[in-house]
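> Features from TrEMBL:
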- Arg66, Lys67, Ser154, Gln155, Arg156, Gln217: substrate binding site (BINDING)
- Ser123, Ser124, Met125, Thr126, Ser154, Asn182, Lys249, Thr279, Gly329, Leu330, Arg331, Ala350, Leu351: FMN binding site (BINDING)
- Glu218: Mg(2+) binding site (BINDING)
- 219-392: domain 'FMN-dependent dehydrogenase' (DOMAIN)
Amino acid sequence: MSNASSHGKLVGQNNLRSQRLVFQSIQRLSIETPVNLHSSCSDPNGLCQPINQAVAPEQALATQNRKADHLRVCLEEDVQSCRSTGLERYRFTHCCLPELDRHDINITTQFLGKTLGAPLLISSMTGGTELARLINYRLAAVAQRYGLAMGVGSQRVAIENPEVVSTFAVRAIAPDILLFANLGAVQLNYRYGVKECLQIVEWLAADALVLHLNPLQECVQTHGDTNFKGLLAKIEQLCQALPVPVIAKEVGNGISARMAQRLIEAGVAAIDVAGAGGTSWAKVESERAHDPLQRRLGQTFANWGISTADCITSIRSIAPTIPLIASGGLRNGLEAAKALALGANLAGLALPFLQAAAESELALEQLVEALIAEISTVLFCTGSATLSDLRQPGVLGVGG
């Protein structure tokens, strides 16, 4: 068995029991804190009204159930890719005499015009269910406290059923954070366009819109949307029409340099590589599938994709200035720092934040403080006073 395969299997085995305990914690949290989705949407301007989309009630319900399934599967089953992130190939050069006071280390950064307290993104995860609302509210509160960026899960479910808009509506809790709305890019081929994208941005009071690209997930998902033909032109039109930046994001299979170049030419303002090495959405959809063919398809392609490290380095080689988010399998501040040193501007994590949010706000605070301490320690022990110093020659190398 390869080192990468062993790594993935070990991570999955070690996390499976804790993930099941976390999901049970979420279920208890939902029972203890009942939420009325129908009354919690503040709507002084009519923003929560339907968007003239003739969506059958059963379709809206199916989307909502799928969101609940995704939470359950991610926290109950082993959905970790057996691929590694590729970051284990890199080592920082230790500096025994930093000539710095650790308390002076500065990890603040700018992204899309906003100042962040740390180069961390709470990656897009969830929305559309009562449990998701509780999770999003906790995530937003901690993002506000520490000055982190945050994305919400796909808002398609809210377009289909505006009664669940409140499960995403975190701006009142986090008025100052960098906040991303989210929609699957393929939905631009399924009746949605500029009007719907404007609406979900307004609902969230978002600073940017994430368009997630998930062709493999749609192939494995039962009744997935697989018509990706002509999407690039529609993405370009959307970039021109929206008043906020558009971010192109994968969901765990990575973005190549060639695709990044085409997306940049289409007008996207930033890229989130979401590389292989973390949660495998092929495995998630395989766990959900009842059709044996769909289950086999997900299992066959469970480890498909471009590693997170390879995405960062290849995109940086052709686009040295594009705002770049590294996500996909990052689990601690050392891995985040490696991604930043390779050229990313932000490091995005999802599953670690989800697990902590299910436990308590205190657990989230402890996670954020650990990540910040780990990143700061990397800077201190490499003699780097700021994040930009991490990218200097000789700070990060291969092997060693």
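Every residue, even glycine, has its Cβ placed from backbone N, Cα and C.
Owing to the predicted nature of the structure, the values given are computational and were not obtained by experimental measurement.
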> How far is it from Ser154 (substrate binding site) to Gly329 (FMN binding site), counting Cα to Cα, in Å?
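Their Cα atoms are separated by 20 Å.
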> Same-chain residues six or more away whose CB lies under 8 A from the CB of Arg156 (substrate binding site)?
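Once residues fewer than 6 apart are set aside, Arg156 (substrate binding site) is near Thr63, Leu183, Gly184, Gln187, Tyr192.
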> Once near-sequence residues are set aside, which residues in the chain of Gln155 (substrate binding site), 6 or more away, have Cβ atoms under 8 Å from its Cβ?
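Sequence-distant Cβ neighbours: Gly127, Phe168, Ala181, Asn182, Leu183, Ile200, Trp203, Leu204.
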> Would you mind pulling the DSSP three-state label for Met125 (FMN binding site)?
coil
> For the binding-site residues listed here, Lys67, Lys249, which shows the highest count of neighbouring CB atoms within 10 A?
Lys249
> Say you check the Cα of Gly329 (FMN binding site) against those of the binding-site residues Arg66, Lys67, Gln217, Glu218; which is nearest?
Gln217
> Can you give the largest Cα to Cα distance in Å, as a whole number, for the residues Ser123, Ser124, Met125, Thr126, Ser154, Asn182, Lys249, Thr279, Gly329, Leu330, Arg331, Ala350, Leu351 that bind FMN in the record?
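The widest Cα-Cα gap among those binding residues is 23 Å.
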> Would you mind giving the whole-number mean pLDDT across the domain 'FMN-dependent dehydrogenase' (219-392)?
96
> Between the Cα atoms of Lys67 (substrate binding site) and Glu218 (Mg(2+) binding site), what distance do you get, rounded to the nearest Å?
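The separation of the Cα atoms works out to 14 Å.
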> When DSSP is mapped onto helix/strand/coil, what comes out for Arg66 (substrate binding site)?
helix
> For Met125 (FMN binding site) and Arg66 (substrate binding site), what Cα-Cα distance in Å is obtained after rounding to a whole number?
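Arg66 (substrate binding site) has its Cα 13 Å from the Cα of Met125 (FMN binding site).
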> Whose Cβ, among the binding-site residues Met125, Leu351, has more other Cβ atoms within 10 Å than any of the rest?
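Result of the Cβ crowding comparison: Met125.
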